[in-house]
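As C-alpha cells, the structure follows; a few thoughts come after it.
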Amino acid sequence: MTFRHCVAVDLGASSGRVMLARYDSKHRTLTLREIHRFVNCLQKTDGFDTWDIDSLEKDIRLGLKKVCNEGILIDSIGIDTWGVDYVLLDKQGQRVGLPVSYRDNRTTGIMPQALVQIGKSEIYRRSGIQFLPFNTIYQLRALTKQQPELTAQVAHALLMPDYFSYRLTGEMNWEYTNATTTQLVNINTDDWDDTLLAWTGAKKSWFGRPSHPGNVIGDWICPQGNRIPVVAVASHDTASAVIASPLANKHSAYLSSGTWSLMGFESKKPYTTDEALAANITNEGGAEGRYRVLKNIMGLWLLQRVLKERRITDLPALIAQTEALPACRFLINPNDDRFINPDDMHAEIQAACRETDQPVPVSDAELARCIFDSLALLYADILHELANLRGEKFTQLHIVGGGCQNALLNQLCADACGIRVMAGPVEASTLGNIGIQLMTLDELNNVDDFRQVVSANYDLTTYIPNPDSEIARHVAQFQPKRQTKELCA
C-alpha cells in the first residue's frame, strides 16, 4: 500500500485537536491536516478543579467522525495527552466522579509527608522521577485520605489517554511512557512499585502492568462500520514530541515548549545518582527502551494566564512591543510554585519582582518581557545542570511544539544557552503520535527512521547565539533558587 492515513488525537492542558496524517511510503512524504480543534479548560466541581471529560470525549468522537465522513479509510488511531491525571472507574467500567486536575490544590502538603514517611532518596531510587507536588502518587494519596467514600467505589484507575482509548475500544491499557510520570513505576522492573503504591492507599488491582508503545489496544467501530485499530502510542505528549524531535546526535538536547517547557536529552540509561536527585532530574520512559532525562519548567503557562487575564488577543503585536524593551529589567523564577495556579498571574509576577527589590512590570509588554527573559535564563541554568549530569556539553538545542513559533523567545534561548537552536516542528506531539502508528503498521523501522522522515518533510529555523547580547551577560548572575521556593524542590 502506497498511502497510509493515521489519525492523532492530541490533547493538551488548554486545547485538543484531531489531526489526519497522510504518509506516502514510496516517496516518504508526510503531511498533516487539522480536522477538529477544541478547547480544554478547568471547571469547578464540588470545590475541585476538574476536567470536563465528557465534553473532551464528545469532541474526540466528533473529530473522528469528520474524518470518516470524508470517505477516508483510516488505518489507525492514536491518543496522547498530558501526564499525571487519571480517571476512576467502578466494577462496571463506569466513571466514578470527574477527574481532578493536577492544578487543584488538594495535594498541598502531601509530598512532604512522603518525604518523611518513605524518604526522598528511597522514592527516587525506586522511581527515578522528579518531585512535583502534583505527581499521581500524591494525587492518589489525597484521594484516598480525603474522599474515602469515593475511593470505596473504585475498581480501576486509567490515565487520561488510556481512558479515551478505553472509551473507543472497550479495552483497558496502561501505556508505559505516561505511566512513568505518576512516580509509581519502578525504574528497574517497568511495573508498578508495591511500596510506593501501598503508601498512596490505592489498590494494585486498580492497575494493569504498563505496556510499551506500539501495541494495538483494540478497535474503534466507525459510523460506516469499519473496524479501525487504536494503537497505544507514546501517550505522554512529551514522549511523542521527543520522538518527532530531529535530534542530530548525542550532543543534541531538546526543549518541548508549550504550556509546560520540558528540557532534556535522550539516553539509553537512567540517571539516578545523588547529583541527579539534588538537581531534581526525572527519568521518564520513552520509546524503544530509551529514557527522557529531563526537567520540567513552568513554560508558557505564565504567558497564557497573563493573556487571558488582560484580554490580550494580538500576540504578534505584543511580542513586537516586547522585543523593543530592554532585557533583564524584571526577572523571576518561573518554577517558583507560587505560579502553579495563582488567582491573578500578573499580580503574582509583580509581587515576585517587588519582593526581590526589582522594578515592577506594569504594561502588557513588560510582563511578557519578564516572562521571556526569565524563561530563557532558566533554560540556560537547567541546560548547564543537564550537561554537568552527563559530563558532556551540548552543542545544539532542538525546540519543538507550539512555543517554537516564538522567534523572540527562541533567540533569547540561543543567546542565554550559548548554543545553536533549531526550532521545529511545531506539531511535534502529533507527529510523534503518528510515528509510532506508522511503526506499528510496519511502514517505518524505528524512531531514528521516523526522525529522518520528519527532517525531510518539515523545515527548521536556526538561531545563532549572540554572546554580546544583554541576556548572555546576565546568565552568570541569574540564580533562580536563591530567593524562591522551587516547584520541583
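Just so you know, glycine gets a Cβ as well, placed from its N, Cα and C.
Here is what Swiss-Prot records for this protein:
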- ALA13, SER14, SER15, GLY16, ARG17, THR259, GLN304, GLY402: ATP binding site (BINDING)
- CYS68-CYS222: disulfide bond (DISULFID)
- GLY83, HIS236, ASP237, THR238, ASN296: substrate binding site (BINDING)
- ASP237: active site, proton acceptor (ACT_SITE)
- CYS353-CYS370: disulfide bond (DISULFID)
- CYS413-CYS417: disulfide bond (DISULFID)
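The separation of HIS236 (substrate binding site) from CYS370 (disulfide bond), Cα to Cα, is 30 Å. In the three-state DSSP scheme, CYS370 (disulfide bond) falls into the helix class. Across the annotated binding residues for substrate (GLY83, HIS236, ASP237, THR238, ASN296), the two most widely spaced Cα atoms sit 14 Å apart.
In this view, GLY83 (substrate binding site) is surrounded by 29 other Cβ atoms within 10 Å of its Cβ, with every protein chain counted. In this record, ATP is bound by ALA13, SER14, SER15, GLY16, ARG17, THR259, GLN304, GLY402; the longest C-alpha to C-alpha distance in that set is 18 Å.
Comparing the Cα of SER14 (ATP binding site) with the Cα of every entry in CYS222, HIS236, ASP237, ASN296, these being the recorded positions, the smallest distance points to ASP237. Ranking the recorded positions ALA13, CYS68, CYS417 by other CB atoms within 10 A of the CB puts CYS68 at the bottom. Counting Cβ atoms from all protein chains shown, SER14 (ATP binding site) has 17 others lying within 10 Å of its own Cβ. In the shown protein chains, 15 other C-beta atoms lie within 10 A of the C-beta of GLN304 (ATP binding site). Most Cβ neighbours within 10 Å among the binding-site residues GLY16, GLY402: this distinction goes to GLY16.
The two recorded residues CYS353 (disulfide bond) and GLN304 (ATP binding site) have their Cα atoms spaced 19 Å from each other. Within 10 Å of the Cβ of ASN296 (substrate binding site) there are 22 other Cβ atoms, across all protein chains. Neighbouring residues of the recorded substrate site, listed in sequence order and excluding GLY83, HIS236, ASP237, THR238, ASN296, comprise TRP82, ASN178, THR181, ALA239, SER256, TRP260, LEU262, GLU284 (Cβ within 8 Å of the Cβ centroid).
Within 10 Å of the Cβ of CYS413 (disulfide bond) there are 32 other Cβ atoms, across all protein chains.
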